[in-house]
Amino acid sequence: MLDPNLLRNEPDAVAEKLARRGFKLDVDKLGALEERRKVLQVKTENLQAERNSRSKSIGQAKARGEDIESLRLEVNKLGEELDAAKAELDALQAEIRDIALTIPNLPADEVPVGKDENDNVEVSRWGTPREFDFEVRDHVTLGEMHSGLDFAAAVKLTGSRFVVMKGQIARMHRALSQFMLDLHTEQHGYSENYVPYLVNQDTLYGTGQLPKFAGDLFHTRPLEEEADTSNYALIPTAEVPLTNLVRGEIIDEDDLPIKMTAHTPCFRSEAGSYGRDTRGLIRMHQFDKVEMVQIVRPEDSMAALEEMTGHAEKVLQLLGLPYRKIILCTGDMGFGACKTYDLEVWIPAQNTYREISSCSNVWDFQARRMQARCRSKSDKKTRLVHTLNGSGLAVGRTLVAVMENYQQADGRIEVPEVLRPYMNGLEYIG
């Protein structure tokens, strides 16, 4: 959520920045609502003051032995008017808040202006895509060769965009997540967390999934007698529960940064992606991801973004997977991000780079929703923290990249050296 004072005092400047990311802010409507809010605020305060004054007069008149019935009726009438004014003010403030919850974050000044993914800017590349002297197989073919990917079984169990992994392919999938967690906790300074996969509405509002992206979530549908659980949803990313761990907290600045990681399944309806990536593991309703989250002082967030992106890059480098780093343009950034780097890994069968990590600085956008603050020992005043999140990495897509980049002419898959300790020294699948 944006700073309400910024919306009130600099609406045109806010509108101009939002226009860079293709969002039209209705300045006139917000201005009219704000003017009405001011009028109601003054009216409410005046009625409250008048009611307090009249109530005091009742006591004074009673002490003098005077008739207080007319004063009592007047105070009652003022009370009714005050209640009505408060109700109108509350409704108006709720309307303003509802609008504010649909407004995306402002882009950082250095973010390239653009409409969509075609306007993203490549920053760097690492590694050289391998030249194969045989016909490249995609991960689906390789998975079926080794009886490791069973999409038909998943359709029987659930439906499309799910998979059953088996044998050494399933083991490599597990090895990848363990390798990522060990790297982030042992070398990058993150603490490992195990979090709920179901979260409530407040949690989803805190990180910005609600109200705008309710259609992207899988919501629980409880029995009537269990209606208290009706507001749960499956997490679309571990960013949601991890970031909300600081919701409503005031953190000692000496304890910052807080760096957290978690390996979880992620659940997404993939609304709007019908017909895209229908083959294989690239776009699933359920997929695993190792997530990184940082809670930092405001002045440290841009440096933290560079650090976090480097942590995701390190995973790819140790796995020996060629990738490129891009900065997303204003029109392609996520709702809450002010600046985002994507890492795209080389997928040989598609002869292109595909997203495998997205690392974002969210500034105080989520912190304002969550009321997550920090305070230094020398200053009693609190301020909002900055939050960052990043994939470190998407496990399924990393599995795809390893299978395809490490395939052999005979269909075997070489196990990257860094994964072998997690696979009992296995050098090849097949």
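Each residue, glycine too, has its Cβ placed from N, Cα and C.
DSSP classifies A238 (L-serine binding site) as coil under the three-state reduction. Annotation for A238 (L-serine binding site): same-chain Cβ neighbours under 8 Å, separated by at least 6 residues, are N193, V195, A262, H263, T264, C266, K289, E291, V293. The L-serine binding site annotation in Swiss-Prot covers T237, A238, E239, E291, S391, and the record cites sequence analysis as its basis.
In this structure, E355 (ATP binding site) is part of a beta strand by DSSP. Annotation for E355 (ATP binding site): same-chain Cβ neighbours under 8 Å, separated by at least 6 residues, are D342, L343, E344, R397. Residues or ranges marked as ATP binding site by Swiss-Prot on the basis of sequence analysis: R268, S269, E270, E355, I356, S357, S358.
For the pair S358 (ATP binding site) and S391 (L-serine binding site), the C-alpha distance works out to 6 angstrom.
Rounded to a whole value, the Cα-Cα separation of S357 (ATP binding site) and S391 (L-serine binding site) is 5 Å. Around S269 (ATP binding site), the same-chain residues six or more apart in sequence whose CB sits under 8 Å from its CB are G215, D216, L217, F218, H285, listed in sequence order. Nearest neighbour of R268 (ATP binding site) by Cα distance, taken over the binding-site residues T237, E239, S391: T237.
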